[in-house]
Amino acid sequence: MSFYVYNTITRKKDEFIPVVPGKVGMYTCGPTVYNYAHIGNLRTYIFEDVLKKSLEYAGYKVKHVMNVTDVGHLQSDGDEGEDKMALGASREKKTVWEIAKFYEEAFLDDCKKLNVKRPNVVCRATEHIKEMINFIEVLEKKGYTYQSNGNVYFEIDKFKDYTKLANLSIEELEAGSRIEVDPNKKNPLDFVLWFTNSKFKNQIMQWESPWGRGFPGWHLECSTMSMKYLGDRIDIHCGGIDHIPVHHTNEIAQSEAYSGKKWVNYWMHGEFLVLDGGKMSKSTGDFLTVKRLEEEGFSPLDYRYFCLQSRYRKQLIFSFENLDAARKSFKALKKRIATILENVCENDRFNNENINIYNEKFKKQISDDLNIPNAFTVLLDVLKDENLTNLEKKFLIEDFDKVLSLELTSVEKDLSNIDVESIENLIKERNEARSSKNYARADEIRDQLLKMNIEILDSKEGTTWRLK
Ligand code: AMP
Ligand code: ZN
């Protein structure tokens, strides 16, 4: 079965044909680690996770590489504004290195909670400075760069097709980027490859280079690191839609200038999550995080479920009301699944043909540019299909969950519905039964608790319990 993806550069749904049959090289732009990721950022990472898992479900072996931006990203995606890492450091009175370490860990923790699988390679910009310098040297030899006021710039007029990804004219790109006129640039859309004589005199992160002590421009890291880990032909490159006109446009220019060939075959971009009242911005500090959702009583998987209800190329409007509606529907789904699981019998029929029919239906939806809402419909069809045994249903639910990653078969760990007092009374009674050597009664109570999904643990310190 063919796999189709919407390709930003061709502006249509294209059949996915990898460079190497059966394998996928996939690069996704990672976080700038100067603050927590907001739930908008995380929508994009969830989309990329589902893409990777869908390709795996369709039988591909995926190598996924993601960068961590810990240097060089200014407030605007062009070369204007303050340095984001330095802003984070002064906000929290820490060093940029401490900030980078802290927020990288926080980001990876959030991903874990959302069941976003860690990429095969997670690479930091600051650990690839040598490669970035080599990259600029090649561009310099090929005549794509110039130096002005101490900085090294990429000259976009030397690269034909600069506008091909955004499908905008140079004038439209200029208008969209609201660039302050930088007298050092030949063309306002030229971008910095290496900063030396920058406005950031107190920049802590600096390295020696052939052009003087300094640090790399932001766009460079993605081209350099993706080529290091995936080679100079990449199947899929992803990010949020904001990256199309500047970051990804610049990545293409420098990568294709460097290698002299086409770089990425499929560009995939996730639409934004927007708040009911407008945009969410990481730089203003006014944004929602996974932690905030948890404080409001939502689980990270409620949020994943919420994201999966709409297609990745559609804008998604967030409100707590919408999230609450998603949580209710997620709970109802898990409840239906729990009933099926409770009724699975050891000698239920297991017919591979039944399984294959639904596998194919599910695959058809995810291969249609990730039609996840329709994939959920296939799941619902499984739940209500009277011709399937509960064992077959269980298998299919677990199988679809390889892509959805919603822990559909795990038991709700909801303490709010549990009568703690009666559990503790039963444990007390069991302990008394054991003291009087009435082991039959003690075992009976253990079994009774197990049926309530309560597991008891005996130790020297006494007996404790937990939800299974
Ligand atoms: P950043 O850490 O700012 O570099 O962004 C990380 C990822 O989140 C990038 O792929 C962005 O395109 C994406 N992104 C930023 N804001 C949003 C949003 N509101 N909704 C969805 N994705 C976003
Ligand atoms: Zn990037």
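From the backbone N, Cα and C atoms, a Cβ is placed for every residue, glycine too.
In TrEMBL, annotation is done automatically, which means it is predicted and not curated.
Keep in mind it's a predicted model, so treat the numbers as computed, not measured.
Listed in TrEMBL:
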DOMAIN    18-327  domain 'tRNA synthetases class I catalytic'
BINDING   CYS29, CYS222, HIS247, GLU251  Zn(2+) binding site
MOTIF     31-41  motif ''HIGH' region'
MOTIF     279-283  motif ''KMSKS' region'
BINDING   LYS282  ATP binding site
DOMAIN    422-466  domain 'Cysteinyl-tRNA ligase anticodon binding'
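Here the features listed in TrEMBL are painted onto the structure.
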residue	record	Cβ neighbours (10 Å)
CYS29	Zn(2+) binding site	21
CYS222	Zn(2+) binding site	28
HIS247	Zn(2+) binding site	20
GLU251	Zn(2+) binding site	26
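Distant neighbours of the motif ''HIGH' region' (31-41): 68-70, 73, 84-85, 87-89, 99-100, 102-104, 106-107, 110, 240, 272-274, 280, 282-283, 285, 287-291, 293, 303, 318; these residues of the same chain sit at least 6 beyond its ends, with a Cβ under 8 Å from one of its Cβ atoms. The 6 Å Cβ screen around ligand 1 retains nothing from the binding-site residues CYS222, HIS247, GLU251. A helical conformation is recorded for GLU251 (Zn(2+) binding site) in the three-state DSSP classification. In this structure, CYS222 (Zn(2+) binding site) is part of a helix by DSSP.
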